[in-house]
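Swiss-Prot lists 1-307 with the feature region 'Formyltransferase ArnAFT'. According to Swiss-Prot, the feature site 'Transition state stabilizer' maps to Asn104. The active site, proton donor annotation in Swiss-Prot covers His106, Arg621 and rests on sequence analysis. As annotated by Swiss-Prot, site 'Raises pKa of active site His' applies to Asp142. Residues annotated as region 'Dehydrogenase ArnADH' in Swiss-Prot: 317-663. Annotation comment: Swiss-Prot describes Ala396, Tyr401, 435-436, Arg463, Asn494, 528-537, Tyr615 as UDP-alpha-D-glucuronate binding site, evidence class sequence analysis. The active site, proton acceptor annotation in Swiss-Prot covers Glu437.
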Amino acid sequence: MSPKAVVFAYHDIGCVGLQALLGAGYEIAAVFTHADDPKEKTFFGSVAQLCARHGIPVHAPEDPNHPLWVERIDKLAPDFIFSFYYRQLLGDPLLACAKKGALNLHGSLLPRYRGRAPANWVLVNGESETGVTLHQMVKRADAGPIVAQQRVSISSTDTALTLHGKLREAAADLLSETLPLLALGQLSGTPQDETRASCFGRRTPADGLIDWSLPATQLYNLIRAVTQPYPGAFCAVGENKLIVWAASAEAGNNGEAPGTVISHDPLRIACGEGSLVINAGQRGDNGLYLSGAQLAREFGLVEGSQLLDTEKRRPARRTRVLILGVNGFIGNHLSERLLQDDRYDIYGMDIGSDAIERLRTKPNFHFIEGDISIHTEWIEYHIKKCDVVLPLVAIATPIEYTRNPLRVFELDFEENLKIVRYCVKYNKRVIFPSTSEVYGMCQDASFNEDTSNLIVGPINKQRWIYSVSKQLLDRVIWAYGQKGLQFTLFRPFNWMGPRLDRLDSARIGSSRAITQLILHLVEGTPIRLVDGGAQKRCFTDVADGIEALARIIENRDGCCNGQIINIGNPDNEASIRQLGEELLRQFEAHPLRGNFPPFAGFREVESQSFYGKGYQDVSHRKPSIDNARQLIGWTPGIELSETIGKTLDFFLREAMAEKADMR
């Protein structure tokens, strides 16, 4: 009996995949594709037309993961599900419909170049080899075990179009070899080496902007990566646009500044290293395809001309970022990161300034001490004045959720709602700190921003008031987004690092877990493990988290507009007990260890006695970070032990300073 397949396919590779399945004797029960985008140049074959010629049922749903489609696919009882250049991720319920496996064909040699547009990216980066990979599908994009690969060499003259042709041939060869073996159950997968993984996001036309300060070879690679049928690399000549379709790199730039015309026939431009000869291009989006020499005449370029637009000649205005809660953990680290380059002016408000004293002398840092519930006129004025608003003020410690639930609601929801409405009023971009807490008691193995259910406990468990306050604001912001509000929601997962909070906060129970544990070590009291400390969390170094947040603020090509992004480290999962044990190990080895009492042991306590009757806990909280990888090219890299060490060192030095002050 022929194996039955359901296929998700688009592009030439989609056609190749379908033809290979038919050639291998597979029964294709249904095909899912995309309707062509009228704004996109469709230089590739049509999956829908191929299906029509073969009488194969074809569909183009907006959401293939909708339960109705999953139910229909499940009824087809496919042995296999295949994805060939289909542009949407397929969820676990859909993948589970395949009795023998779900496989994807990806256009690179995985684990390198996961994500979008791998053929373009390998050219941009000057690679000499790529390939195609058939791999098992898992929830995380392009991360499943590898079934088969075929290598493709990249020549120095390849363009995106010629490389695509090579990949198409390689895909046909790979599938013709592997599909019969797959049907016989003779192929298995090899896990990917995560240490070699790289991930790239989608490319947009704006990514084709030519920066003449770069080496000529790098610009040549960019041009061939995005030349026709893609939108092309471009630069400005005065107020006009020059699209470069063909070029070559040469050594030497005659000592000229980047962007200077060295000669007009051939049209040769000085680069940061070497020079670029423009062989062909066009003027504007609707111009004729012209030689470089004719382009020089059309633009009036002569030796010594500068390819700089009028905007580049003006000093760029810094982006004005308003941070409410600037003295807090995220606020002070974020300010420090943004002030490291000269693109931002930071305006901040908070009720204290101890964590930002080191920043107050910076010329681009502007601080006022104030309360967001009182200084509303200052806040409204600065929202109107600034470009980006981050309302970071919140009560975010679990004991306060049960101890002061109304105060949590008033501050975390009501005061922040006012700020959101000011952003709507003045059409300002808001980057709102949602929270991993919104996932509540979700049972997914990892929490996905777009598909995971947000589940909380009964009303008498006041612990959830923080979660639902944040969730409701997420929903309000999303609704305003449908009316034009520019926004991004980010969800931090257990960020840790220096200046997390204060030992004094831990003394009254109002601090994060690691600060409580360190306080016990400092004071020689037993480390209290709530419900045995079996709860697992994924801890994220603040430096990793802030880098992701900085990229969200940068928002290159609008990639983060209207998005929800988890920022966490799924590889740094540990139970609270394991966190305490690692803290103890590093504490005993720390140079300051001799200044503190002996370790008093671990003590298990019941959660209601520690937090109160309104508390309820969750067993795990692990983020999916596919959105962060694909939208902002972010992957965390700092191991948990390093983060624990930095955090411990900060608090031990704080404790020593307290002792010195008491003398």
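Just so you know, glycine gets a Cβ as well, placed from its N, Cα and C.
Taking the recorded positions His106, Arg528, Arg537, Arg621 in turn and counting surrounding C-beta atoms within 10 angstroms, the largest count is reached at His106. A distance of 12 Å separates the Cα atom of Ala534 (UDP-alpha-D-glucuronate binding site) from that of Arg621 (active site, proton donor). Within 10 Å of Arg621 (active site, proton donor), as judged by C-alpha distances, no recorded positions are found among His106, Arg528, Asp531.
Between His106 (active site, proton donor) and Asp142 (site 'Raises pKa of active site His'), the C-alpha separation comes to 7 Å. In the three-state DSSP scheme, the residue listed as 'active site, proton acceptor' is classed as helix. Within 10 Å (C-alpha to C-alpha) of Asp142 (site 'Raises pKa of active site His') lie the following recorded positions from Asn104, Ser436, Glu437: Asn104. Cβ neighbour density within 10 Å is lowest for Asp531 among the recorded positions Asp142, Glu437, Asp531. Summarising the environment of Ala396 (UDP-alpha-D-glucuronate binding site), the number of other Cβ atoms within 10 Å of its Cβ, over all protein chains shown, is 22. Checked against Asn104 (site 'Transition state stabilizer') by C-alpha proximity, the recorded positions Ala396, Glu437, Asp531, Arg537 yield Arg537 as the nearest. Take the recorded positions Asn104, Ser436, Ala534: by the count of other Cβ atoms within 10 Å of each Cβ, the lowest one is Ala534. When the C-alpha distances from the residue listed as 'active site, proton acceptor' to the binding-site residues Ala396, Arg528, Asp531 are tabulated, the minimum falls on Ala396. According to DSSP, Ala534 (UDP-alpha-D-glucuronate binding site) is assigned to coil rather than to any helix or strand. DSSP assigns Arg528 (UDP-alpha-D-glucuronate binding site) to a strand in the three-state reduction. Taken as a whole, the region 'Dehydrogenase ArnADH' (317-663) shows an average pLDDT of 93 in this prediction.
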